[in-house]
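> Provided herewith is a single structure, encoded as structure tokens, for subsequent inquiry.
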Amino acid sequence: MSLLTEVETPTRNGWECKCSDSSDPLVIAASIIGILHLILWILDRLFFKCIYRRLKYGLKRGPSTEGVPESMREEYRQEQQSAVDVDDGHFANIELE
């Protein structure tokens, strides 16, 4: 039984459930919307990093290299990699006595 169709009414013997007809179009529409909402919420929680990263940065993975010579592409790749690499020369070693 769906929670949308279940109604509890007091009787002499206690609480009893009287369910309305489940073929009511409004009940069917509400059930379908509820199920779709649940599915979308689950998918959102499972894939939120991927979804929002795509919305934030777009579908492109980087600047377009169309029409750029291969030597310039390689130079750009090296610049990007060197920006990511950590240079140990910038850190000072401090020894405590």
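Placed from the backbone N, Cα and C atoms, the Cβ positions cover glycine too.
I grabbed these lines from Swiss-Prot:
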| type | residues | note |
| --- | --- | --- |
| TOPO_DOM | 1-22 | topological domain 'Virion surface' |
| TRANSMEM | 23-43 | transmembrane segment |
| SITE | W41 | site 'Seems to be involved in pH gating' |
| TOPO_DOM | 44-97 | topological domain 'Intravirion' |
| LIPID | C50 | S-palmitoyl cysteine |
> Over the span of the topological domain 'Virion surface' (1-22), how high is the average pLDDT in this prediction?
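In the predicted model, the topological domain 'Virion surface' (1-22) has a mean pLDDT of 56.
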> Quick one: Cα separation, C50 (S-palmitoyl cysteine) versus W41 (site 'Seems to be involved in pH gating'), in Å?
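With distance taken Cα to Cα, W41 (site 'Seems to be involved in pH gating') is 15 Å from C50 (S-palmitoyl cysteine).
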> Among all protein chains shown, how many Cβ atoms are found within 10 Å of the Cβ of W41 (site 'Seems to be involved in pH gating'), not counting that one?
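Step by step: centre on the Cβ of W41 (site 'Seems to be involved in pH gating'), count other Cβ atoms within 10 Å, giving 10.
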> What does DSSP call W41 (site 'Seems to be involved in pH gating') in the simple three-state scheme?
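Going by the DSSP assignment, W41 (site 'Seems to be involved in pH gating') falls within a helical segment, counted as helix.
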> Within 10 Å of the Cβ of C50 (S-palmitoyl cysteine), how many other Cβ atoms can be counted across all chains shown?
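Around C50 (S-palmitoyl cysteine), other Cβ atoms within 10 Å: 9.
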